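Quick look at what Swiss-Prot lists:
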- 179-186, 255-259, 312-315: GTP binding site (BINDING)
Amino acid sequence: MKIEKIEVNSLQEAIEIVERRFGENAVILSSRVIRKNRFGFLPIFRKKILEVTVGIREEEDFRKEFERERELIKEIENLKKIVNELINNGEVKGEKIVEKGSDTYAPRVKRYLEKLVIKNISKNIAEKIIQDACGYDIDNKIYDFKDEPYTSLRESIEKNIKLNEEFIQNPPKVVALVGPTGVGKTTTLAKLAHLFKKNKKKVGIISLDCFRVGAFEQLKAFAEVLEVPFKLADSPRAFNIQLLEMDDRDVILVDTAGRSHYDVIRLKELETYFKVSDISVYLTLAANLSELVMYEAIMQFGMFSISGLIFTKLDETPYPGSMVNVAYRTQYPVVCFTMGQSIPEDIVVANYDYLVRLILEDEDEVRPATQLA
């Protein structure tokens, strides 16, 4: 990417110059206020101007973008295959592993395998988790846990499921939440804003949801309580300007309107917003959705190049297995879990201790979330 700097009087002027001079291949990367002497070196005549850094995409950038799109197409095709096999067979053939006879597992291992399946984890994935947690006991000629059950299963789940445990400490600059209607994106964004601020991050919030007045007012009121800047963007250009105005923030949270993953036109419209800057997109899914609906959402929202997953409404299902299956099969890192409407209490930063407890224990025993955030 070729970098150029221009000096202007306002962000609006910068955008107009960039569009006229560089066209669609350019993006504004950052801006800062500087002072320039108008008459020699006399400091009293220094004028404030805006220095804007512009990135112009070159052939190599387009090649990398093409490669990313090709990888994205492969991921979507793989998800389509998974969905079709789940519809037709109830399982994914490619996950078939070497089955061990029931007598080859120690009794306690069999109990935990049953518990995983009862929690709605796919039998193939449950077997994989159990096998990775076990070693062969030569004396008794059975497979048993390598350590205590919790420790062994935690190590296995850590091997098979990706979590981003550093999301709050080291967030991307711009975090956008997308997902189907009704999964709780706006409430989740408010919870994240509180967590980031609690961890000494300078936070900004931008809403792209121009359809729901109630959601806008709710988020605006919360931003005022947190004392963080809040903006509403009704166009990609306005969004670009607001991102630049919040360039001093450590993390900028972007709320989007809920969209049906079948509404391709609305999704394409949202895509135009995300072309203006380097944005990390996190797909928000309710844990009580059917597994097939989750995969369908991932396929459609996959056009945004998903950086990770957020699972909400864990309090509304006693069977978190579908969530585990999706995380395992897509290998997208999970960044947080939410449960309930209370802000900021009902959120847990993704961590393996919580996930193992969620899978192995009853809902009431894992509900105290704030201690783990």
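Residue positions begin at 1 at the first shown residue.
Every residue, even glycine, has its Cβ placed from backbone N, Cα and C.
With a 10 A radius on its CB, THR256 (GTP binding site) counts 22 other CB atoms from all the protein chains.
Figure note: comparing Cβ neighbours within 10 Å for the binding-site residues GLY179, GLY182, the maximum is reached by GLY179. All protein chains included, LYS185 (GTP binding site) registers 25 other Cβ atoms within 10 Å of its own Cβ.
In this structure, LEU314 (GTP binding site) is part of a helix by DSSP.
Within 10 Å of the Cβ of LEU314 (GTP binding site) there are 23 other Cβ atoms, across all protein chains.
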